[in-house]
Amino acid sequence: MAEDLAGAGAAAAAPDPDGPDGVRMTWNNWPRSKLEASKCVVPVAASIAPIRASPSLLVLPYNPLRCKPPCSAVLNPFARVDFAAKIWICPFCFSRNHFPPHYAAISEAVVPGELYPQCTTVEYAPPPLDHYSAPSSPPPLPPVFLFVIDTCLIEEEMGFVKSAMRRAIGMLPEHALVGLVTFVSAMVPLLDELQTDQWPVEAGNRALRCTGVALNVASGLLGACMPGTGARIVALVGGPCTQGPGMIMIHSRISSQKCLSRAEYMLQNCIPIVSKDFSESVRSHKDLDKDAVPHFHKAVKFYDNLAKQLVNQGHVLDLFASAVDQVGLAEMKVAVERTGGLVVLAESFGHSVFKDSFKRIFEDGEQSLGLSFNGTLEINCSKDIKIQGVIGPCTSLEKKGALCADTIVGQGNTTSWKMCGLDRTTCLTVFFEISPSERPNQSGIPNPQLYIQFLTNYQSPEGQMRLRVTTVTRRWVDGSCSEELVEGFDQETAAVVFARYVSLKMEMEVINNSPDETAYFRMLLNRESISNSVVMIQPSLLSYSFNSPPSPALLDVASISADCILLLDAYFSVVIFHGMTIAQWRNMGYQNQPEHQAFAQLLQAPQDDAQMIIKNRFPVPRLVICDQHGSQDIIIACDLVTNYVDARFLLAKLNPSATYNSAHEVAPGSDVIFTNDVSLQIFCEHLQRLAVQS
């Protein structure tokens, strides 16, 4: 038993699906014609992590060798090389390029790193020019962090903010430049002097909070002092904007000035006291559908202009929103996403989701996110391919050319994009269009391979400018070879790409989420890796028991058993669910007895796996520990990493194959879900009937 649990982690460590290039495609074999591509239904697209960390990454201490304009592709392993004539042929435009003099020593036995067959991804990090060659060359620029702090908070929340800020400033590099802006005063020199907003607020009204003005001031300050320098505006917001540009509402349910305990504050916020004037209440999806949102469109336009200003300056907007109500993330989304900013949504500044996530952005070493600045992405591809656009945290640089498709998806009509902020986990989705040329190539024989090159220029956390070059190849197949197309189909990538595409193209019916939550979920879906995005779409469930090592379980209520432990990874939350018998044994302290060490190891195994998930994820997910038939009382412990709460955190994610209507069919020790929703089986049967009828 102990050996099974100890080896579970190693056994679960599957090969990296992204590979060293950080590229995954919906189709790894591409149809040759536009018509054949349309029959595939799933878009031809690629997911790329531009600066993903890789232990095998080759770093070259010199400048890249480029093809002649207008191609400008970088030398790569797929180029054909004539070592005798010292010429290389570009695989994208087939131009013949001469090697420069400093490549004179190359031969079949001595090749530069960028030509190694296994090095399809390399990074160029040329050393800075010395004093003699460039006396006026400036030193690497320090990172800049401008914190914008909301002071319209209750005392308890302000205490959490101060604590988090002290920890963060202590982790910043010594050479970093730090600024502080509050929503009420101008610049505050010391964190200890921070106070809650003292402006009087009438009973029943919300505090006057000018979030838009504060962010506009911060942007203008950085634009005047640090234009073009890698800088981040880190905004800590505790409620909706109620004053000035970016305003989303006027009235409030309670006053935030009275010093309340966290429990009292949350309890009062749950009371449905709304303004008599419906237009002054917090907007919902129903309001957006009816266009009954007097402030929404103005706020979105304001933040759109702010995004353009920040992109022009090369600066990032990060948002950490902590409140039990909405703060206006749906309106601010455009400014955060187009600058490549980070976003975290939590219930309180004292909650582990905020505290641990906020800490992560300043950590170094293995836990570092590798926050980088001033990134640009350029794409080169074979002539039979055109680029429709990109979905993800970036902005079009409007660099039009022959590779731009007529159909636009996301940020399109360009071959170059700006990423003011990016990190090791940043992921973009690129959509392609098959557009075969009239002539095959110079030899008249169709080329069986296609090529795509991603060029990412960015400022590293150390301030050095680097160029990451990833060149990939895939195979063309004829439309008649459907088996070959299917063999190259990546269903995980296809599911994620389709989800991103649909959420961009249409506003689907949204239930159980506020506009802020919807914006939050979609922003993370658009920027996360394929593996993490799949978990958002379909959570993973592991079962731990004495009878077998940890193994995957169906997302079904039938997976619940009294003598097993379930570990649910739903991306935003990680749930450890103890069966009824396991919970009883734990409460009796069997794990503390020497003769029951196997039980202690069984209890510890999901804890260790949960911590591994949390360690490698940003934003940090909420850890929930619950028991079968657990208490209905929710225990709010914002300063703890675990919450013993009701089992609904797990049941809400499971297929209701057993409900109160079929309780007599449930196996002993299992469970039922009290819902009128149909099970997956009934849904599929209904879908089959509809398909037959149509």
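Numbers here mean position along the shown chain, with the first residue as 1.
Just so it is clear, glycine is given a Cβ too, placed from its N, Cα and C backbone atoms.
Under the heading domain 'Zinc finger Sec23/Sec24-type', TrEMBL lists 64-103. TrEMBL lists 140-185, 190-362 with the feature domain 'Sec23/Sec24 trunk'. If you look up TrEMBL, you'll see 373-477 marked as domain 'Sec23/Sec24 beta-sandwich'. Taken from TrEMBL, the feature domain 'Gelsolin-like' covers 549-635. Feature annotation from TrEMBL assigns region 'Disordered' to 1-22.
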Item to check | Per-region confidence, the domain 'Gelsolin-like' (549-635) (mean pLDDT, whole number) | outcome: 89
Next on the checklist: Let's see if you can do this one: DSSP helix, strand and coil counts over the domain 'Zinc finger Sec23/Sec24-type' (64-103), in that order.
Outcome noted: 3 helix, 11 strand, 26 coil
Checklist outcome for this item: Helix, strand and coil residue totals from DSSP for the domain 'Sec23/Sec24 beta-sandwich' (373-477) stand at 0 helix, 58 strand, 47 coil
Checklist entry - Tally of helix, strand and coil residues over the domain 'Sec23/Sec24 trunk' (140-185) according to DSSP? => result 17 helix, 12 strand, 17 coil
